[in-house]
Amino acid sequence: MFTIVMVLVVLGGIGAIFGFILAFANKKFSMEVNPLIHEVEDILPKGQCGACGYAGCAAYAEAVVSNKDVPPNLCVPGKDEVAKAVAEITGKVAEKVEPRIAYIKCKGSIDKAAQSYRYKGIKDCKAANLLQGGPKGCKHGCIGFGTCVNSCPFGALTLSNQGLPEVDSKKCTGCGTCETACPKNVIEMVSVDSLVEVSCNSKDKGAIARKVCSTACIGCGICAKNCSYKAIEVKNNLAVVDTKICIEKCNEATCITKCPTGAIQSARGLSVKNSSNIKVTI
Amino acid sequence: MGEYLTLFMGALLVNNFVLTKFVGLCIFFGVSKSLNASIGMGMAVTSVITLSSMLAWVVYNFVLLPFHLTFLTTIVFVILIASFVQLLELIIKKQAPTLYSMWGIYLLLIATNCIVLSVPLLSVESNYSFVKSIIFSIGSGMGFALALILMASLREKLVYADVPKPLEGTGIAFVLAGMLALAFLGFSGMI
């Protein structure tokens, strides 16, 4: 009996003592949070995408307010408006945010790309990727279960009935969450002003790539030969566009018409540039 | 003096808590990816172990022993350490913000870790005096820090190594930890 009472007294006593000490310490050592942090946090888009390099919007808000060296323009989704507002609150100078947009480097829709087997597992690209690199014959292309669509914090991606994700250019903020979600690295963040993009990710040799997909880049190099500005070259059997040269110099976009498989596509920037410049038939 | 040195070196190398007693393994694998984080974690663990085993010694010898309640040791120590770490976090956050930004985030991770609990438990079990238990805890804390820093340096080098595909990441870390433990076995004849 004595033991039971003592157990209750000792445990209860220790609990009570520490409870009081903690409650007291919580009052005494409570931190006053800089109100600017909340203000900045309210302005940020709260996609929690982490494109700024911090663990979420709250962490970036704290860093940008309390650390002098953290620039106010790190929020990619917020673009210039947010950068300006953050700069105003923190008293820093905002530099321009380079706007970016997600680009799907695969046009191998259901009718164009062959399947190597029928997949009946969980409808998730990462899961499918574990099984022989996915059901698609092309091991570099989009698997098409929409893992990127689910990952997008801004609802900018939709899965078309052709089994490929589509980017809503109005909603896409260029945060890059989908880029990391995609197990095949099919999605890339490109400049919104980019004129042409290679809509293929296949590093296979031409013959193999052509066999599994009718719109693959076969690495023939016709685009590179026809580009008068040397903005395209073929690396690892895949055409790569130097966006900088392309945006600055080119306004005829011969590569699109010359590509035998249609792997080079016009991007968002071309239509904008064309409306003011010359016409291109695509 | 020699007795204290033996105790210290014993806790640091011969009976290294991570590599020969296998406690505190979750931090050992979790935080050993970068050297900076592991130094912070090592410092945090050492100070928390030392302070909490001082506290635990006082409670054990002045409360639990006189009332014959030693069967409550484990549960009382759990409460003590968990609330003490909370308190420490509050104080450091207010009084030393630079220290808090260095290893504050690790403090709460430690609160429920087995190495912090096992050091006070072992030192009361061995009937150490107050000074001895402090030396024992500093030694074992530094032993933990040593193991963590060794592991982190190895894992940073591992980035450049050509690791077989199935062993990448945690797999090779386990292999490494096993080798480190084998190496520490060499100290066992020292004392």
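Glycine too: its Cβ is placed from the backbone N, Cα and C atoms.
Over in TrEMBL, the protein carries these features:
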TRANSMEM  B:6-31  transmembrane segment
TRANSMEM  B:43-63  transmembrane segment
TRANSMEM  B:69-91  transmembrane segment
TRANSMEM  B:103-122  transmembrane segment
TRANSMEM  B:134-154  transmembrane segment
TRANSMEM  B:166-187  transmembrane segment
Query raised in the report: Hey, which of B:6-31, B:69-91, B:134-154, B:166-187 has the most Cβ-Cβ pairs under 8 Å against the transmembrane segment (B:43-63)?
Result: B:134-154
Query raised in the report: Can at least 3 Cβ pairs under 8 A be found between the transmembrane segment (B:103-122) and the transmembrane segment (B:6-31), with each pair 6 or more apart in sequence?
Result: yes
Report summary line: Counting only residues at least 6 beyond its ends, the same-chain positions whose CB falls under 8 A of a CB in the transmembrane segment (B:166-187) are 13-14, 16, 19-20, 28-29, 32, 147, 150-151, 154-155, 158
